[in-house]
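As written in TrEMBL, here are the features:
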BINDING   SER63, ASN113, GLU159, ASN166, TYR190, TYR242, VAL260  substrate binding site
Amino acid sequence: MDLGAIVTETWKELADERGSGNPARYIPALASVDPRKFGIALATKEGEVFCAGDADEAFSIQSISKVFALALALERQGAALWDVVGREPSGDAFNSIVQLEREKGIPRNPFINSGAIITTDRFIDDRTPDEAVDDLLGRLRRMGRDDTISFDPEVARSESETGSRNRSLAWFLADFGRLINPVEDVLSVYFRQCALSMSCRQLAESALFLAVDGTDPVTGQRMCSASRARRINALMLMCGHYDNSGQFAFEVGFPGKSGVGGGILASVPGRAAIAVWSPGLNRAGTSLLGAKALASIALKTGWSIFSGQWTEP
Ligand code: GLU
């Protein structure tokens, strides 16, 4: 199979649709990104990387960072993490407060904002916020093979300044006694992890640990055990795309995680990791063109985890 041709063809097929969807505006620093950007990168576990379009341009990975934070929190806390965060799709908006109150401060899953805030708290553990951020950056730099990978301070500031909703979620969690660190410490890491700036190429390379046994097959950087990598994939499939996770599984069939910066990271168990970026989002917050690109790659490769090259709706 010519993976390079598949990536290039997919990009060309969809290039005319660049600019479709609506970029996130609730974080002011994201609103100024060129909506016509479109990149695809596919990294195989053998170490090959195939790219098209704006695959080398860094963008704000936003909620995709929650996948990395989850892997690291699980490594620090083990199964105890599941005492404070669930494993079910939410069916509600990613930043819903109602559900959190009704369910007594136990977020449905680690990918909605409340669940990610707890996950970040447990990833910080007994360290300072800066030590936790440095740990995350160190691992991403190694797996993404670039020492300059960092967070965008402008985006982090913009998120913090407009982060009333996330603050509300964090204070709710604190009120239920679910956080071990002070609210502002947790949020300072959460806002910086969401503001991580990475290219499709770096993201795909950094996520290969999910497609194999929890350790990056190229650099040897360990992120989590094999069984936890398997479980993170399950959560990505069920909960990775806000309240359109079912639609994504239906159309694409890869475990994936969307971010409101327009990126989507997908893992193809046993084979590869794929990152796509197009800032225009659908109504649920998933990149419109990004999801189409992944559906097309799933079809061309026959790599959907449900197997087969199906086309019927
Ligand atoms: N930083 C964003 C927020 O907390 C992440 C949202 C997302 O990408 O889903 O609202």
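Yeah, the Cβs are placed from backbone N, Cα and C, and that goes for glycine too.
Unlike curated records, TrEMBL annotations are generated automatically.
Close to ligand 1, meaning a Cβ under 6 Å from one of its atoms, are these of the binding-site residues SER63, TYR190, TYR242: SER63.
The substrate-binding residues named in the record, SER63, ASN113, GLU159, ASN166, TYR190, TYR242, VAL260, extend over a maximum Cα to Cα distance of 19 Å.
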